[in-house]
Ligand code: DX5
Ligand code: ZN
């Protein structure tokens, strides 16, 4: 099941993934419907444990609840100290792609393999302050690399351009790896990330800070395709 969802994610790229962190948790069903109607094809869920990051959000019950309201792939970003402890419960709750932080584990390659063995797609995330070398050895064991453009923990922070250089490096070394960026993505920054080779763009405040989700996602999509066209022109 989840391998098909990985294909759905690949087919959706380049895509804006709304991050369910600043939405109305009192009315999640309506939020999901509004996002779907606005053209969303994949949802990004921010799970924080108050330990790996200072913030505390939600876990399996919310994912299970969301699963009942949508067929969209659920991209679960685990900002937790012990990803393996919760991987199976997350899969049982309906996660399709599980991303763990490289800073949280000793052996990222083994963690990636163990998550894969649960039958879902797997991603590895790297904070801006963590050296890229931390990813050595595990990139061939994952379906996606999540390049953080803010330190994980809170929405509404400003974009750290170190992520652009990292995306370019990863795109060159791993042409087929899905690349995702998360943090401070808005109409100004999304085009640069697209030009750097990113596939999936996680967006919180630039969608949920607006009334009209379709308009917000529409302008972000436009900025992605404008960056693509500019690349074609300069590359030709
Ligand atoms: C940050 C989270 C992000 C965040 C993005 O730790 O992983 O998904 O919600 O929010 P904005 O777009 O507001 O930076
Ligand atoms: Zn996230």
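Here the Cβ of each residue, glycine as well, is placed from N, Cα and C on the backbone.
Annotations in TrEMBL come from automatic prediction, not curation.
What you see is a predicted model, and the numbers here were worked out from it, not measured in a lab.
Within its own chain, residue 153 (substrate binding site) has 48, 53, 54, 55, 79 as residues 6 or more apart in sequence whose C-beta sits under 8 angstroms from its own. For 19, 77, 153, 154, 155, 156, 182, 183, 184, 204, 205, the entry in TrEMBL reads substrate binding site.
The divalent metal cation binding site annotation in TrEMBL covers 44, 46, 77, 182. Here the Cβ of residue 46 (divalent metal cation binding site) has 24 other Cβ atoms within 10 Å, regardless of which shown protein chain they belong to.
Marked as active site, proton acceptor by TrEMBL: 46. Secondary structure at residue 46 (divalent metal cation binding site), taken from DSSP and collapsed to helix, strand or coil, is strand.
Look at TrEMBL and you will find 182 tagged as active site, proton donor. Reduced to three states, the DSSP call for residue 182 (substrate binding site) is strand.
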> What binding-site residues in 153, 155, 184, 205 place CB under 6 Å from ligand 2?
Replying inline: none
> Taking the mean position of the Cβ atoms of 44, 46, 77, 182 as the divalent metal cation site, which residues outside that list, in the same chain, have a Cβ no more than 8 Å away, listed in sequence order?
Replying inline: 17, 19, 21, 45, 75, 76, 99, 146, 202
> Which has the fewest other Cβ atoms within 10 Å: 155, 184, the binding-site residues listed?
Replying inline: 155
>> Going by a 10 angstroms cut-off between Cβ atoms, which of the binding-site residues 19, 205 has the sparsest surroundings?
In response: 205
